[in-house]
Amino acid sequence: MRMRREQSAGRGRSSSRVHYGMSEIIITIVLVVLAVITIFPLVVPLLFAFKTQLEFAYHPWAIPEALRWNNFAEAWKAVRIDQGLLNTLIVCFGSILCTIPSAVLAGYVFARYRSRVTEILFYAILIGYFVPVQMVLVPLYRMEVSLKMNDTLYGLFLPMAAFGIPFWTLIYRSFFKSLPRELAEAASIDGAGHTKTFFRVMLPLAQPATVLAVLQVFMGAWNDYLLSLILLSDQNKFTMQLRVASFLNSYGTDRMPRYAAAVIISALPTLILYLVGHRWIIKGMLSGAIKE
Amino acid sequence: MEIVEGETSCAGKKKHKKKDRNRSVFIFFCILPAILFLVIFLYYPIEETFRLSLTKTTGLSKEVFVGTDNYQRLFHDEEFFAGLKHVFSWAFWSIVIQLPLSFFIAFSLTYYSNRFTRPLQAVFFLPNVLPSAITAMLGKFVFAPNYGLIVSLGKVLGWKWLASIDFLGNPNLAFWAIFAIATWAYSGFYVIYLMSRIEQIPRELREAAELDGASMWSYARRIVLPELNYPLRILAVLCTVGSLKLFDLPNMMTTGGPGNATVTLGITLYRHGFINWNYGKAAAIGVVIFVLSLVFTILQFSLGRKKDEAI
């Protein structure tokens, strides 16, 4: 993109370039303004959070007089994101461990061992892809209660995995289909059995898909709200998102500085994650989410 | 696949049989985990949803078969209709506001890719990765009465009318406040998706257009928009299916209120099922959500048929 622009600038270095520059400047300014608006709600809490209620009431937009951390201490006590974080991470890893192996294996078979039976099973799994979570909430809850699985973290990530498996099976199936057939042939001529071919040859080749799958499933579990809300009621089992949501219910916005501190604390883990891996996250979203 | 089968049939009969069994065992164990997960946590609950939607129960009382009674009751349920209405106006406004806005951003970012605009993609996408709980928290932060961000801005500018608005407590404004924060949160994805599609348009087209003296707007309208016809339609379907499932933001920001002003289908389901413990009615709403989203997803697939971009 950039190279071409430089080329074309080199070619038509006269009147057209001036015209080009003018609208480019305007559009760039518009875009930068939009970006500032986008980032604004995430920056403003920093301005509010260090103030006392009184200071905030009189000078909400002034630079804080001092860096007072007690709002953060209070918000931390109210949100207790640390405990939520641990639960969330357990759910994330549980969800990854249940979703991805099941999806890789099934996707591989559906791509490489096609028969009437596997085709039927594939379409059976595909049905799961059309089902919105909302539809099965009531029976899922009742089932978990009767199995005493509600209020456990595995009771949360197991159904989560079930909702993810159809999609990732689909992705792995098309991935394995895209691999050249000769690879499997070569392996089987070398005397490798089905299992060996899969683990030694195919699974390592699937690494790019797996990296994206891990990332996407992690994000999905990290962001979940609805399933956790239905299935967890014990405060000790609350995930990060549920802690934030219950903070929303019980602490109003009337003490805005504390609220702003809570915003910062709650958003921080995700923001750090995004800063570190935004390239991967964007790539993963593009390859995965559109088929939702 | 014929190759694999052909190869096994070449071998001796006994060997063939053994190999065949190995193959079946392998297939069986590969598919087993996925099938188990789905049967327990998806197929069984789906079956239960259909069954429950035809019964009347509160969980404690015995289930009584009532036929289509739950569905008939939905037709007289004000809350359900409010949910239905909000879901469709949400879908409509997402398509009318979020998509054109995203297209403008995506197109401008790719058309004028300079050192100011290049880092902006990551900025526009940022709100999209925030969990909905945090988006809701920020939404309340922005729209709160007395101390919220907009009200504080109104105060500092001396605009009393702005400083006195209670966005989330006003039945006429609550929907729009939530919609605004959703636009903020979700458009980033549309932007990066459209950008990735715009970048696939062959460069020659733009060069040819520039040689013909086409302006940015005519290039956008005559070349880019037609090329993005399919992705834009897909996004429109995504918006629609997404609004059918809309739950998190309105539930956390207003819990559907004030009154029924921000009720969605998801919230009516939640209220009936988990607050009033009316399982039958909740299951019936679940079926309605399923049928509607099925219709729109089939639409997505049939749109996809046109190109090789179908899944």
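The first residue you see is number 1, and the count goes up from there.
Each residue, glycine too, has its Cβ placed from N, Cα and C.
Owing to the predicted nature of the structure, the values given are computational and were not obtained by experimental measurement.
Look at TrEMBL and you will find A:85-277 tagged as domain 'ABC transmembrane type-1'. The transmembrane segment annotation in TrEMBL covers A:21-50, A:85-108, A:120-141, A:153-172, A:201-222, A:259-277.
With a cut-off of 8 Å on Cβ pairs spaced 6 or more residues apart, the transmembrane segment (A:259-277) and the transmembrane segment (A:21-50) reach 3 or more such pairs and are scored as touching. Counting Cβ pairs under 8 Å that are 6 or more residues apart, the transmembrane segment (A:153-172) and the transmembrane segment (A:21-50) reach fewer than 3 and are not in contact. The transmembrane segment (A:201-222) makes contact with the transmembrane segment (A:85-108), as judged by at least three Cβ pairs under 8 Å among residues 6 or more apart in sequence.
Listed as Cβ neighbours of the transmembrane segment (A:85-108) (distance under 8 Å, sequence separation of 6 or more from its ends, same chain) are residues 125, 153-154, 156-158, 160-161, 164-165, 168-173, 175-176, 198, 202-203, 206, 210, 213-214, 217-218, 220-222, 224, 228, 237-241, 269.
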